[in-house]
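Quick look at what TrEMBL annotates:
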DOMAIN    75-281  domain 'Major facilitator superfamily (MFS) profile'
TRANSMEM  12-32  transmembrane segment
TRANSMEM  75-94  transmembrane segment
TRANSMEM  114-134  transmembrane segment
TRANSMEM  155-185  transmembrane segment
TRANSMEM  205-230  transmembrane segment
TRANSMEM  242-261  transmembrane segment
Amino acid sequence: MPVSAMLGYRLGWSFIFYFFGFLALIWCAIWMKNISELPEHDSSITTDELTLLQREAMNTNTYITPWRQILTSKAVWAIIVAHFCENWGFYTMLTSLPRILEDLLDYHLEKAGFFSALPYLVMGIVLMLSGNFADVLRDRYVWSTEKTRKYFCCLGFIGQALATIAATTHASATFVMIAIIVSVGVGGLPWSAFSVNHLDLAPQYAGHLMGLSNTVATLPGMISPIIVGIIVSEHSANEWRVVFYLTAMIYALGAAVYWRWASGQHEPWALGQTPFSETFD
């Protein structure tokens, strides 16, 4: 974001595409040089790593996927709703933050680009720290898996909702900026909970569950900008206040649903495995 803002402000918007397109070409060259088709063709792999991969490849089976049980599981829907609600705030801020900073704080493009990236830097740090801290709590049996997931997710959602509402006070530019940073940054807490909760419920179907929740959680990226565009027609503070209140309500919904239905235990339908086919029955 800071680089895009600087390039757009100084050289024009087209240079943003030139710059990142050039970086993509460099990445492709590095990828083509270092990636191998098979593990045994990788010059950097160790003997132990190769042996492990070959042994695991021999033990793979195809299992019946219990789609009916998955789609009717409250614990699964708790993850889906939490993922959706977190991404609503994530995409709302990601797509609107430069405009918010310009409309509310009168930041020009270059300055807005820097401050637009700052909340996501904080979020990345919080995510890494909270994930490790959650593992410590579970490994030392301080909290159960379910309690850890619920507290991290719901406290994060509540913190995000309160910070989002605080940003509507417009007490000062500094206060609003801090509130926005907290609103986005604390999102690392929910991510450290619901994003790994699939493994708690059904390790062998974690890919299916992640694909399901991530598909639903992509919808805010399409819906949120449209809703914001409808609400914010004159770019006034009151219009942005409505956007912030809506986002806070969605965070609160995510906390309520996850607290009520989330689980840290294996689901009954994940305890048995029947190989060789996949069905909706």
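Cβ atoms are placed via backbone N, Cα and C, with glycine included.
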Three or more CB pairs closer than 8 Å, sequence separation of 6 or more: does that hold for the transmembrane segment (242-261) against the transmembrane segment (12-32)?
no
Would you mind listing the long-range same-chain contacts of the transmembrane segment (114-134), meaning Cβ under 8 Å and 6+ residues beyond its ends?
1-2, 5, 93-94, 97-98, 101, 107, 148-149, 152, 156, 177, 180-181, 183-189, 191-193, 196
